[in-house]
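Some features that TrEMBL has for this protein:
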BINDING   Gly22, Arg86, Cys87, Gly116, Asp117, Gly118, Ser119  ATP binding site
BINDING   Ser162, Ile163, Asp164, Arg199, Met206, Gly207, Arg208, Glu262, Arg290, His296, Val297, Gln298, Arg299  substrate binding site
BINDING   Arg468, 528-532, Arg566, 573-575, Glu629, Arg655, 661-664, Arg735  beta-D-fructose 2,6-bisphosphate binding site
DOMAIN    15-321  domain 'Phosphofructokinase'
DOMAIN    399-686  domain 'Phosphofructokinase'
REGION    1-388  region 'N-terminal catalytic PFK domain 1'
REGION    399-781  region 'C-terminal regulatory PFK domain 2'
Amino acid sequence: PAAADPTKMGVGRSIAVLTSGGDAQVGMNAAVRATVRVGLYTGAKVYFVHEGYQGLVDGGERIRLATWESVSMMLQLGGTVIGSARCKDFRSREGRMKAAANLVKLGITNLCVIGGDGSLTGANEFRTEWSGLLADLVQAGRITEQEAKKSSHLNIVGMVGSIDNDFCGTDMTIGTDSALHRIIEVVDAITTTAQSHQRTFILEVMGRHCGYLALVTAQACGADWVFIPEMPPEHGWEDHLCRRLADQRSRGSRLNVIIVAEGAMSRDGKPITSDQIKKLVTDRLGFDTRTTVLGHVQRGGTPSAFDRILGSRMGVEAVMALLEATPDTPACVVSLSGNQAVRLPLMECVQVTKDVTAAMAEGRFEDAVKLRGKSFENNWNTYKLLAHINPPDVKSNINMAIMNIGAPCAGMNAAVRAAVRMGIIQGHNMLAVHDGFDGLAQGQIEPIGWTSVSGWTGKGGSMLGTKRMSRSLPGKMLEEISQNISRFNIHALVIVGGFEAYVGGLELVQAREKYEEMCIPMVVIPATVSNNVPGSDFSIGADTALNTITSTCDRIKQSAAGTKRRVFIVETMGGYCGYLATMAGLAAGADAAYIFEEKFSIKDLETNVKHLVKKMKTTVKRGLILRNENSNANYTTDFIFNLYSEEGKGVFDCRKNVLGHMQQGGTPTPFDRNFGTKMGAKSVLWLTDKLKECYRHGRIFANTPESACVLGMRKRALMFQPLAELKEDTDLEHRIPRTQWWLKIRPIMKILAKYDIQLDTTEHADMEHVKLGFISVSAGF
């Protein structure tokens, strides 16, 4: 009900949270922290269960009340702070009876379980037999009739923690993105050394039954071959693989990369091991071949920004789902689809996960890939297209140009590489435009080939070169641009960049009336750390910037460990867009994030200072304040620093950091590499279709609004939206979209920082059903 007061929803109720499974995933702590804090916010009592199900069975000291402060400083820690264990006792009925008695005695009837499918299935069985367990306990005199009546029903909500991302129905499981970060670090380290020698590298990653990590890694590093359990290679793959590697060498590639999932197998169900592949390559081709098996490194380290935000958002959703559950609602898992929190029936997800295993066992590999969901299937199809060089014999005679606009950001090069290769596969001639619209006006245009873009996915910045466009919008150079479109015979244009790419694209479209050279299909791919392009929920580059800010804030917070009370004021980029400040605030556990979109006054600043003074009286001696660079012309970073310093005298001292341009640099994260790869490939396929539609009397003529689009991620799918239509949703002066989805997440950040504010519970996720293909191209993965 919309009218329910969220701060009273949990009064008189108790929630227990436990993490379970053989290994703890990075990112679980964010989920635990959010569950505890949101639980407390609703007025509920929250308990930690230490050491997973073992703790439920043992009871006593293992089930402890959680406090606000007990989850402080948890965000940046790997593993799970409350421990996890495999538990034999819980598998016996006697063990489960002990667990039930412990919960009943404490009045706990809401259980939040963070773990893999085994742990979640166990939770569901526990819930199903709950009334039977209580009846037996009453009969044995271990609990009273009264106690049994009070706890007659157990609610269960699951969150999936698994680096394999092998749980069907969820786009991303907690820990997957962080595992990819670890793997990509290793791949990057290996590829730099290997450039010095001619080598073949075989990298084995985790994934006994699921090839997700292997597949995404292969896509993120442009591997020559990937082995995944869902889709074994065709018979005779040995010849094909050797042919591919030799072919790459002859094209001048110094490095071959092969990615193997630990559960890889052949069509007849025999394992394919990295040693076996190494022997094959060495014996047949005589290549210098090295093998690296990653093992548990993949589970370690600090959680990525994506995982922290994912864990935090899922924790909120889990508490809401528990408190809204009735005896009739099935046990559910909360998960993320695109950028939306969803609830799914636990057992349906478990069933589909089992169906995948069955399909693989029966050799129905196409089905296995489909059952894994839309996101997995898309990854597989994109990978296959881009990895396997079979340019068609017949050329299309189409010239497609690609350019970068605006400030450089990580992931642009991945989009360019994918677009160039996809174009070549379609038979087009690809042209690179250097230095943005200036380059288009000055004719800095040259052909770009298959090998010219090899190795680009992992490179930060912009290889094509960009120009800040404030000085060089195309409007001033339309004459020269139209001449070059005609001189180089350009039939279609891919524009990769930020807000300036969008405005520039719009200017070219508006010039179509005067210059018919502009009547060609165009697509804008959003790429900017600011994430401020109309028509897309995510931009390439924002995830990398977010990780930079988050890890810097971790270090800053750490620097104060053991010192007296200290508050840090950190300024982030983003132009007028508050996305980076808000999301980094959620990921780094900030006390406040000042942004342009949410007006703040001296009153608000005062509230924040008082809040920090109060906080410093607890055991938590650190504060973190983020400020978006253009959030307010008068309340500058210096002003806020001075204000806090003055008001905090005697209670805390202040430090300030302006993060600056390091937010635009760095190696692209796995998210940005894959998002860029998908966007680049998809844009060229779309342009190819558009060109066929626009072909009239031997020439291309495109002048409808639909022929010039922004390719953007919207809720759950990648969509093409006409540039002209997006104009209404644009605040051109401040260079931001008028509607921004992430503003809805801001209250979560404030609740987790202990502010008394109202969480809007009207927009809660209703339970959905797992239908195949319902999960569309997930957020970049």
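Each Cβ is built from the backbone N, Cα and C atoms, and glycine gets one as well.
The structure, with features from TrEMBL marked on it.
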residue : record                                        : Cβ within 10 Å
Arg86   : ATP binding site                              : 15
Asp117  : ATP binding site                              : 22
Gly118  : ATP binding site                              : 14
Asp164  : substrate binding site                        : 26
Met206  : substrate binding site                        : 23
Arg208  : substrate binding site                        : 11
Ser530  : beta-D-fructose 2,6-bisphosphate binding site : 30
Arg566  : beta-D-fructose 2,6-bisphosphate binding site : 20
Gly575  : beta-D-fructose 2,6-bisphosphate binding site : 22
His661  : beta-D-fructose 2,6-bisphosphate binding site : 9
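The least crowded of the binding-site residues Gly116, Ser119, Ser162, Arg290, Gln664, judged by other CB atoms within 10 A of its own CB, is Arg290. Spacing of Gln664 (beta-D-fructose 2,6-bisphosphate binding site) relative to Met206 (substrate binding site) is 31 Å (Cα to Cα, whole number). Of all the binding-site residues in the record (Asp117, Gly118, Ser119, Ser530, His661), the one with the smallest CA separation from Ser162 (substrate binding site) is Asp117. Least packed by the Cβ count within 10 Å, out of the binding-site residues Cys87, Val297, is Val297. Across the structure, Asp164 (substrate binding site) and Gly575 (beta-D-fructose 2,6-bisphosphate binding site) place their CA atoms 37 angstrom apart.
For Arg208 (substrate binding site) paired with Gly116 (ATP binding site), the C-alpha to C-alpha distance reads 14 Å. With a 10 A radius on its CB, Arg299 (substrate binding site) counts 19 other CB atoms from all the protein chains. Spanning the listed substrate site, residues Ser162, Ile163, Asp164, Arg199, Met206, Gly207, Arg208, Glu262, Arg290, His296, Val297, Gln298, Arg299 have a farthest Cα to Cα distance of 33 Å. Rounded to the nearest whole angstrom, the C-alpha distance between Gly575 (beta-D-fructose 2,6-bisphosphate binding site) and Met206 (substrate binding site) is 40.
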